[in-house]
Every structure is written in C-alpha cells, then in structure tokens.
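K.L.:
The structure that follows is given in the form of structure tokens.
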Amino acid sequence: MPSIHPLIDNGITKGDPNFPGGTLHCRCPSDQVVVGLKSNVAHNHACGCSKCWKPAGALFSIVGVVPRDNLSVQANESKLAIVDSSAIIQRHACINCGVHMFGRIEKPHAFHGLDFVHVELSDQKGWQEPQFAGFVSSIIEQGFDPKGMDEIRSKFKSAGLDTFDALSPPLMDLIATFTAQKAGVKFSNL
Ligand SMILES: N[C@@H](CCC(=O)N[C@@H](CSCO)C(=O)NCC(=O)O)C(=O)O
Ligand SMILES: [Zn+2]
Ligand SMILES: [Zn+2]
C-alpha cells in the first residue's frame, strides 16, 4: 500500500486546541529558512493536488492555513522563491531543498488573508490534526492508478477523515459565498 502521508499512515495524533503556534524550518542541512507562526493552523487537511508540497514517497500533502498577519519569515528569507507565479496560491519555496515554506494569495479570492503552511516542518507538537482529505481524485492526474482509489478512500475513512474531490463543505461554502457576493447576488432562504 503506498504512503498517504506519514502523519496519516500510522494513525492521526490529535492536536492541542490551545496550541499557540511555533516555527517551521526548511530541510536544508544548514542556513535553514525559518518561518514563525503566531497561531495554530485551521482547516488542516490532506491535499491530493499537484501543486501542494508533499514529502518524498507520499501521495498527499498536509496543508493548513493561518492568518497572514500571524506569519513572519525569521531567517534566510533570501533563499525563498515563488514556485509558480501564475497560480492562485503563491508558494514560497526554499531554492535549495525545495520545501514550500508558505503559500500566499495576493489576488481577490475567498481565502485572501490566509497563508497555506505545512506543520510537519515544525519540531513542536500540538498543531491541529488533519480534518479531512481534499482533491483526492487529483492524485490520478499525477499517475496514480484509478483502480486503487477505493483503497485510498477507505484508508482515509479508517483514519476518521472524510474525503472530497475539492475542499470540505465549509470551505466550498466560503468560495461560493465570495463568488455570489462578487456578482452582487442577494441571499434569501427560499
Ligand atoms: N486537479 C488540480 C487541482 C488543483 C487545485 O485546485 N488545488 C486547490 C487546493 S490547494 C490546497 O488546498 C487550489 O486551491 N489550488 C490553487 C493553487 O494551487 O494555486 C491539480 O491537482 O493541480
Ligand atoms: Zn531549504
Ligand atoms: Zn493542494
């Protein structure tokens, strides 16, 4: 069975709801890029998309969000470069080790103001545990045999995570709300 992600393969460890945040480090042997987070993450999830950073051998990324004002680069910022400037999420990666330190949205978007981060880059314990799996079918686009998808979804289910082929319902509702408001739609409960 391929690895979903080390934080999920052997069972999920619950986070600490009062965890105050901590630091993320890139994987360079020296002169690491260090990012400080002044809060825990929210909406932490497994992401099967092709763009989010994942460790070698894992099929999924684990990625959560923090308010952008709670994030600061504390060391070796000069080693960061944007992976794909045409993407909605501008992922700032270490040019030496390739790890994505944070992803930021600069355009008008439902998630503007939130930065995307990977808590496995931290040595501290207590970060919010993964809440769901998103973009699950996207692993097929990267070469995963579709015949194996039942097994992948069952594995998430055994770990207690719901699976979606986009994001979770609350996040999809945020995106739809943003789209409706941009179009001037008035809400009414019919
Ligand atoms: N099938 C595509 C999906 C990519 C995608 O839309 N990814 C989402 C989720 S990333 C974290 O949850 C997204 O919002 N992407 C915006 C961006 O990456 O800039 C694929 O696999 O590439
Ligand atoms: Zn690095
Ligand atoms: Zn993703």
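Cβ atoms are placed via backbone N, Cα and C, with glycine included.
Just so you know, TrEMBL annotations are computer predictions that nobody has curated.
From TrEMBL, here are the annotated features:
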- 19-165: domain 'CENP-V/GFA' (DOMAIN)
- Cys26, Cys28, Cys94, Cys97: Zn(2+) 1 binding site (BINDING)
- Cys47, Cys49, Cys52: Zn(2+) 2 binding site (BINDING)
K.L.:
Tell me which binding-site residues (Cys47, Cys52, Cys97) have a Cβ under 6 A from ligand 2; sequence order is fine.
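P.N.:
Passing the 6 Å Cβ check against ligand 2: Cys97.
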K.L.:
Identify, in sequence order, the residues in the chain of Cys94 (Zn(2+) 1 binding site) that are 6 or more apart from it along the sequence and have a CB within less than 8 Å of its CB; answer 'none' if there are none.
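P.N.:
In sequence order, the residues whose Cβ lies under 8 Å from that of Cys94 (Zn(2+) 1 binding site) (at least 6 apart) are Cys26, Arg27, Cys28, Val33, Asn76, Lys79, Leu80, Met101.
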K.L.:
Of the residues in the domain 'CENP-V/GFA' (19-165), how many are helix, strand and coil by DSSP?
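P.N.:
Output for the domain 'CENP-V/GFA' (19-165) reads 26 helix, 51 strand, 70 coil.
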K.L.:
Neighbours of the Zn(2+) 1 site Cys26, Cys28, Cys94, Cys97: Cβ within 8 Å of the Cβ centroid, same chain, sequence order.
P.N.:
Arg27, Gln32, Val33, Lys79, Asn96, Gly98, Val99
K.L.:
Determine which residues of the same chain, besides Cys47, Cys49, Cys52, have their CB within 8 A of the center of the CB atoms at the recorded Zn(2+) 2 site, and list them by sequence.
P.N.:
Gly48, Ser50, Lys51, Lys54, Phe60, Ser61, Val63, Gly134, Phe135, Ser138
K.L.:
Using C-alpha atoms only, work out the spacing between Cys52 (Zn(2+) 2 binding site) and Cys97 (Zn(2+) 1 binding site) and round it to an integer in Å.
P.N.:
15
K.L.:
Compute the C-alpha separation of Cys49 (Zn(2+) 2 binding site) from Cys97 (Zn(2+) 1 binding site), stating it in Å without decimals.
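P.N.:
Answer for this pair: 20 Å between alpha carbons.
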